[in-house]
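Peer 1: Below, the features straight out of TrEMBL:
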TRANSMEM  32-53  transmembrane segment
TRANSMEM  230-250  transmembrane segment
TRANSMEM  257-275  transmembrane segment
TRANSMEM  313-334  transmembrane segment
TRANSMEM  354-377  transmembrane segment
TRANSMEM  450-477  transmembrane segment
TRANSMEM  498-520  transmembrane segment
TRANSMEM  560-583  transmembrane segment
TRANSMEM  595-619  transmembrane segment
TRANSMEM  635-655  transmembrane segment
Amino acid sequence: MEDDRKDGAYGTPQKYDPTFKGPIYNRGCTDVICCVVLLLAIVGYVAVGIIAWTHGDPRKVIYPTDSRGEFCGQKGTKNANKPFLFYFNIVKCASPLVLLEFQCPTPQICVEKCPDRYLTFLNARNSRDFEYYKQFCVPGFQNNKGVAEVLRDGDCPAVLTPSKPLARRCFPAIHAHKGVLMVGNETTYEDGLGSRKNITELVEGAKKANGVLEARQLAMRIFEDYTVSWYWIVIGLVIAMVMSLLFIILLRFLAGIMVWVMIVMVILVLGYGIFHCYMEYSRLRGEAGSDVSLVDLGFQTDLRVYLHLRQTWMAFMIILSILEVVIILLLIFLRKRILIAIALIKEASRAVGYVMCSLLYPLVTFFLLCLCIAYWASTAVFLSTSNEAVYKIFDDASCSLAGKTCNPETFPSSNESRLCPNARCQFAFYGGESGYHRALLGLQIFNAFMFFWLANFVLALGQVTLAGAFASYYWALRKPDDLPAFPLFSAFGRALRYHTGSLAFGALILAIVQIIRVMLEYLDQRLKAAENKFAKFLMTCLKCCFWCLEKFIKFLNRNAYIMIAIYGTNFCTSARNAFFLLMRNIIRVAVLDKVTDFLFLLGKLLIVGSVGILAFFFFTHRIRIVQDTAPPLNYYWVPILTVIVGSYLIAHGFFSVYGMCVDTLFLCFLEDLERNDGSAERPYFMSSTLKKLLNKTNKKLAES
């Protein structure tokens with residue numbers, strides 16, 4: 001049982017090489033073409049960023065824009081003192097046209113403050129309130145038209161309602177009073193021509209505003225909670241970091257105990273399940289209706305009905321019995337491989353202890369990923385805001401020219417204005433007709449593709465670096481005396497100097513699959529409204545296939561990077577050798593993978609659960625820490641959730657290093673078995689525990 005497969009179906013086992021003493025130092029550059037392509041792509045990516053930063057204007061995202069395409073509240077403009085956007089008729093914002101044009105089909109102006117009272121144009125026109133009302137009319141409005149002409153031309157709003165600013169936009173301050181919807185103190189409003197309507201018509205245009213207003217208040221309260229609890233949140237995260245480190249250290253001593261205890265618990269739980277099913281089956285004997293078969297009963301929406309049938313409990317008992325037998329048989333035949341997996345996990349804990357700086361490397365990966373995300377996000381924002389202002393014709397009535405582009409300066413005297421007297425030339429969105437604007441979609445796709453490529457490259461660099469450091473540990477015959485002085489830094493230098501092209505190659509393959517998945521998700525969103533069932537089925541199959549393909553490529557890349565770190569071969573050769581090596585030991589791979597997955601899950605649950613419970617008791621004032629109590633909070637769940645999420649990320653960072661260590665030692669272990677035989681010339685490099693499990697010994701080395 002030393003090898004799961006010994007035939008030549010999956011390549012030829014490695015032969016003994018007297019010069020091989022671990023990660024090869026005298027190596028050459030691999031996949032140079034991919035390295036050059038990556039550098040050229042980065043140069044192109046920088047060029048796209050420069051172009052985007054030259055044409056883009058992030059103010060279009062930050063500041064609202066009025067009907068003339070001018071920013072509200074932007075310093076240095078005539079609207080510098082008018083930071084809020086006011087909609088003449090908020091009801092029209094509920095029109096489906098908003099989803100198509102991303103702009104409400106109603107005049108919009110910048111104002112100093114939102115309306116704080118209820119007024120109609122008809123009532124305010126000849127009263128002292130008109131000066132107040134006039135500030136919500138278009139700039140330069142002169143009261144020299146009739147009421148109908150003013151409302152037709154969109155010079156003033158028909159009605160003002162009490163509003164509150166939200167995201168620099170004025171939305172009606174709708175609230176409920178004794179079950180009645182009100183704006184201010186009103187339950188109805190006038191349309192400006194003396195006709196009163198129920199306030200529920202305003203809800204269609206502003207119901208989302210109230211939800212967002214509450215969200216804003218919620219955000220402010222959450223921010224306040226962070227300002228008073230950040231100190232304790234940091235302490236909680238430090239506790240999670242210490243617990244993660246202790247768990248990795250304790251795995252050296254407790255890995256075997258935890259695995260076998262869990263296996264025994266699973267067997268006992270299944271046994272109790274079988275016993276419980278038998279007791280329920282016996283209890284229902286002779287009970288009226290319990291002998292009805294599942295087929296005769298058919299499908300019932302209330303699933304509890306099935307629990308009153310003896311056949312249900314018989315089926316449960318058979319299923320659990322089969323699972324029990326399968327697990328016991330697996331334990332009998334795979335006991336040795338489980339012991340090997342436990343020994344490798346213990347050895348990984350020792351390796352991490354000798355290369356402690358490896359636990360800090362996830363910070364480097366995190367920093368580089370933050371740079372990639374920041375560059376991608378900023379470039380995406382600048383690209384999306386590099387369009388020019390596009391004006392279109394809006395008309396409440398039916399007009400054949402509605403939706404056509406127009407020029408606001410020449411529109412009043414244009415032929416379109418005469419054909420559609422009630423139409424307005426209004427800012428619609430940002431776009432353009434030039435070649436650059438037509439290429440924006442392609443540039444955004446290139447931006448997303450480069451983000452995936454660079455992010456995968458950063459992750460690959462981390463995996464090769466850690467693999468090189470831990471491989472140096474395994475192939476040191478006398479540990480830790482033969483371990484290099486700075487294994488992590490040496491591995492990092494080798495990866496960048498010799499294997500940038502190979503890392504780029506692996507990252508490129510993964511990025512292509514990921515960008516295809518993104519495009520499939522986009523197409524799936526577009527096809528959701530379609531009724532073509534075949535298209536939906538095909539899209540679901542494609543998404544499933546590419547998801548599986550991405551998982552397989554990640555697995556293959558991870559092991560290929562380990563082989564690159566050890567032997568310095570190119571990506572394709574490393575991927576092939578790693579795949580064949582794993583296939584020759586497929587059962588060991590499966591056992592080790594499941595055992596490590598279980599231990600990592602147990603560790604994450606232990607760390608996150610312990611820190612989360614501690615945070616819950618502290619922030620709910622149920623315990624004190626060194627005579628200190630938790631600060632008063634609006635929502636105690638804010639720091640608790642932050643600590644829980646942060647603890648999970650910290651534990652995941654520690655365990656990612658540990659998982660890479662286990663995978664590296666496992667491949668080295670398989671190579672060790674194939675290369676060496678324990679003789680003085682070909683000694684095993686594995687630990688004494690592994691040699692004892694496999695009944696292997698090293699003969700006494702010849703005196704040098």
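Cβ atoms are placed via backbone N, Cα and C, with glycine included.
Describe the structural surroundings of these features, if you would.
Peer 2: Within the same chain, residues 49, 245, 248, 447-448, 450-451, 454-455, 458-459, 461-462, 465-466, 469-470, 473, 479-480, 483, 487-488, 653-654, 656-657, 661 sit at least 6 positions outside the transmembrane segment (354-377) and bring their C-beta atoms closer than 8 Å to a C-beta of that stretch.
Sequence-distant contacts of the transmembrane segment (450-477), counting only residues of its own chain at least 6 positions beyond either end whose CB sits under 8 Å from a CB of the stretch, comprise 21-23, 38, 41-42, 45, 348, 351, 354-355, 358, 361-362, 364-365, 368-369, 372-373, 375-376, 483-484, 487-488, 490-492, 494-496, 499, 503-504, 506-508, 510-511, 514-515, 557-558, 561-562, 564-566, 657, 660-661, 663-665, 668-669, 672, 683, 685-686.
Taking Cβ pairs closer than 8 Å, the transmembrane segment (498-520) reaches residues 27-38, 445, 448-449, 452-454, 456-457, 459-461, 464, 539, 542-543, 546-547, 549-550, 553-554, 557, 560-561, 564, 568, 570-572, 574-575 in its own chain, all 6 or more past its ends.
Among residues of the same chain six or more beyond the transmembrane segment (560-583), those with a C-beta under 8 A of the stretch's C-beta atoms are 5, 9-11, 14, 22-24, 27-28, 30-31, 34, 460, 463-465, 467-468, 471, 491, 494-495, 498-499, 501-503, 505-506, 589, 663-664, 667-668, 670-671, 674.
Within its own chain, the transmembrane segment (595-619) has Cβ neighbours under 8 Å at 229, 232, 236, 239-240, 243-244, 247, 251, 255, 258-259, 262, 338, 341-342, 345, 625, 630, 633, 636, 639-640, 643-644, 647-648, 650-652, 655, 658-659, 662, counting only residues six or more beyond its boundaries.
Among residues of the same chain six or more beyond the transmembrane segment (635-655), those with a C-beta under 8 A of the stretch's C-beta atoms are 221-222, 225-226, 229, 232-233, 236-237, 240-241, 243-245, 247-248, 359, 362, 366, 600, 603-604, 607-608, 611-612, 615-616, 619-620.
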Peer 1: Excluding the flanking five residues on each side, which residues at least 6 beyond the ends of the transmembrane segment (32-53) place their CB within less than 8 Å of a CB in that stretch?
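Peer 2: Beyond its ends, the transmembrane segment (32-53) has Cβ neighbours at 375, 378-379, 382-383, 386, 436, 443, 446-447, 450, 453-454, 457, 500-502, 504-505, 508, 571.
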